[in-house]
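A short worksheet on the structure shown next.
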Amino acid sequence: MMFATTDLCDANEERLAAGTLRVIEPVFRSFGGVRRFAGPAATLKLFEDNTLVRAALEQDGAGRVLVVDGGGSLRCALVGGNLGKLAEKNGWVGIVVNGCVRDSAELAECRAGVLALAAHPRKSDKRGAGVSDVPVDVRGTRIAPGDWIYADADGILVSDAALLA
């Protein structure tokens, strides 16, 4: 799917004004091998525990984007190279992590987009804590399951509806 977030913003000023199209705060870095991706969101809310991330990525992604609200923690990684490969294998087009990733070199080889706040060498806990398929707040932007995510080098957009046919 070819698009530019800049063009989507320009063509949808009324949606931006109404809040049905939102721009996530520009603090994310690209770690994946794909720089531009779009798809409906699947959401997770958790903190320093990536058990649910693996469980989600083991499912058929069907062209979706996994949005992981890790509370913005910079103390451990929620996604690494193995999970990046799993995302690619199972048809996820991208992962947005409000937190950290690790295995940056491996993630860069994955054919999936991966956006996160930073890299961190420490792995997360494995307690199974967190919830899935709930609205999350990522850097002040609300994202509900099924919202559309559009990401490229200029930013991340969240839309209540698909913007492209």
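Placement of Cβ uses the backbone N, Cα and C atoms for every residue, glycine included.
Note that the coordinates shown come from a computational prediction; the quantities given were computed from them, not determined experimentally.
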Record-annotated substrate site (Swiss-Prot): member among Arg64, Arg102 besides Gly80, Gly81, Asn82, Leu83: Arg102
Which listed residue (Gly80, Gly81) has most other Cβ within 10 Å, given these are binding-site residues: Gly80
Around the Cβ of Arg102 (substrate binding site), the count of other Cβ atoms that are within 10 Å: 22
Among Asn82, Leu83, Asp103 [binding-site residues], residue with fewest other Cβ within 10 Å: Asn82
Shell list (substrate; ref centroid = CB of Gly80, Gly81, Asn82, Leu83, Arg102; cutoff 8 A): Ala77, Val79, Gly84, Lys85, Val101, Asp103, Glu106, Leu107
